[in-house]
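Engineer: First the structure, which I've put down as C-alpha cells, then a few questions once you've had a look.
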Amino acid sequence: MVTRWLYSTNHKDIGTMYLIFGAFSGVLGTVFSLLIRMELAQPGNQILNGNHQLYNVIITAHAFLMIFFMLMPALMGGFGNWFLPILIGAPDMAFPRLNNISFWLLPPSLLLLVSSALVEVGAGTGWTVYPPLASIASHSGGSVDLAIFSLHLAGVSSILGAINFICTVFNMRAPGMSMLDLLFVWAVFITAWLLLLCLPVLAGGITMLLTDRNFNTSFFDPAGGGDPILYQHLFWFFGHPEVYILIIPGFGIISHVIATFSKKPIFGYLGMVYAMCSIGILGFIVWAHHMYVVGLDIDTRAYFTAATMIIAVPTGIKIFSWVATMWGGSIELRTPMLFAVGFLFLFTVGGLTGVVLANSGLDVAFHDTYYVVAHFHYVLSMGAVFALFSGFYYWIGKITGLQYPETLGQIHFWLMFLGVNITFFPMHFLGLAGMPRRIPDYPDCYAGWNAVASYGSYLSITAVLFFFYVVYKTLTSNEVCPRNPWETTPGVSPTLEWMLPSPPAFHTFEEIQV
C-alpha cells in the first residue's frame, strides 16, 4: 500500500497526493494568516510582544505556503494531473515517472521552508526576499539560505511538471482532438509555458543572492559594484508571470463550471483562448510596475503603466464572455456555480484596483500600503481560491465517487464569501489612509477597520474548518456520484471526464478514444 503512493506513476494517484499536500499546506498557511490578523486586531503589541522580525517571518511563511505549496500544487498538480489526461483522452501523462518526482520534490521543499522559520531568527524578508535585507549583513543565520533552497526545489518541481504538461498536450491527444478543444486544457498548457519560461530567471536571481551571502560575490552589493535593483528586476520578471500562473488554471476551471451550470457552450470560445494567450504573453512585459518607486526613468514608467493597463483588455474579454455565457442560460446555482459567480464578482473588483495601481503616479502613494494587500488578496484569496473551491466541488464526485452534500457546500460558500470580503474590503480604506504593509503595529487612527478585518478573518477560519467538515461528510456519507452528476442538456455534449465511471478506473482509456 505504501509503495502504491510512494512509487506511483499514475496521474490520478499523483493528482490526489498533490491535492492532499495542497490542503495540508493551505491549513498551515491559514494558521499563519490568523496569527497576522490577531496581531493586527488592535493597536499595540498583541501576541508577538513587539517582535517585528517574527511578524515578518510569519508574513513570509504565509506567502510562500499559500503560493508555492497550496495554490500551485492544488490547481496545476492536483486538478491538472487528474483531469488534463482524461480531458484529452490520454491514458496518462507523457512522462509518468517525471510526474512522480515532480510531486516528491515538494515535501522536502516544504520541510526546508519550515526549517528556515525555525532556525536562527527566521527569514523575515517578505516573499520577495529583497537584498540588502536578505543579505548576510542583515540576515546573518542560515534562514534565508534554507528558504532559497526550498524555492529551488519547488522551482525544479514546477519546471519538470511544466515540461510534462507541455509534452502531454502536444503528443498524447486522442485521434481527432485538435489543440483547440477544451479551455481547462488550454489553461494548464499556457500556465506550463509560463512556468517553464519564468522559473529559471527566479532560480538565477536567488542563486546570485545565495553566492552574495555565502561566497563573497557582489551581484547585489553596491560596495562591490553590484546593484540591489538588479535583483528586483530578476525577481519580478518571475514574480509577475507567477501571479498569472496562479490564476490562469482557475480561468480554465471557471470556464468549464459556468458552461456546465448555464447549460450552454462557452461564449466566444476562440476569444477565450486568445485572451488567455495574450494574458500569458503580456504577463512577461509588465514586471516593473512593481518597481515604480525605485527611481525608473519617466519614459520607462510611462511604458509600464500603458502595458499593464493593456492586460485589462483580455481580462475584460474573459469576464464579459463568462457573463455572456450565463446570459440566457438555464442557470443552476449549485455550489461550484456559486463559487464561479463569486469568482467573477470578486476577481472583477480585484482587477479594478489593479488598474488603479497600474498608474505610476498613483502607485507612488499606494506602494507598500494595505491598498496593494487588498488588491492582490482580491485576485488571489477570492480569485484563485474561489476557482480552487469551484473545481473541488465540481470534480470531487468524479475523484472519489462520492458526491458532496449540496446544502453544506452552499453554507461553506456563504461563510467564505462573507469572511473574505469583511477581511479584505476594509484594507482598501486602510491603504488610502496610508497604513504601511509588513508592520505589526499601527497608529490608533487605523484601529477601526483593522478590527473589522480581523473579525472577517475569524469568519474565514470558521469557513475553512467547515470546509473540512464538508470533506469529512462527503467521504463518510456514501452518497454515490453518478457518471455525470450535472445532468447536462442534450445539446451540450459533456467533456470526456463525465463519460467515465465515478471514480474512474485506475487505467482509463484502455482503448483509443475516437
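Cβ from N, Cα, C; glycine included.
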Engineer: Given that Swiss-Prot annotates H289, H290 as binding Cu cation, state which candidate in H240, H256 belongs to that site as well.
Structural biologist: H240
Engineer: Where Swiss-Prot shows E39, G44 binding Ca(2+), which of P440, P443, P482 is named for the same site?
Structural biologist: P440
Engineer: Quick check: which same-chain residues outside E39, G44, P440 lie with their CB within 8 A of the centre of the Ca(2+) site CB atoms?
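Structural biologist: Checked against the 8 Å cutoff, the neighbours are L40, Q42, P43, N45, Q46, I47, L48, G50, Y55, D441, Y442.
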Engineer: Sequence-remote contacts (6 or more beyond its ends) of the transmembrane segment (309-329), Cβ cut-off under 8 Å?
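Structural biologist: Beyond its ends, the transmembrane segment (309-329) has Cβ neighbours at 251, 254-255, 258-259, 261-268, 271-272, 274-276, 278-279, 282-283, 286, 340-341, 344, 347-348, 351, 354-355, 358.
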Engineer: Which of the three DSSP-derived classes (helix, strand, coil) applies to H289 (Cu cation binding site)?
Structural biologist: helix
Engineer: To the nearest Å, how far is the Cα of H375 (heme a3 binding site) from the Cα of H367 (Mg(2+) binding site)?
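Structural biologist: On Cα coordinates alone, these residues lie 11 Å apart.
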Engineer: Count the Cβ atoms, other than its own, that fall within 10 Å of the Cβ of H289 (Cu cation binding site), considering every protein chain shown.
Structural biologist: 23
Engineer: Taking the Cβ of E39 (Ca(2+) binding site) as the centre, count every other Cβ atom within 10 Å, in any protein chain shown.
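Structural biologist: Other Cβ atoms found within 10 Å: 22.
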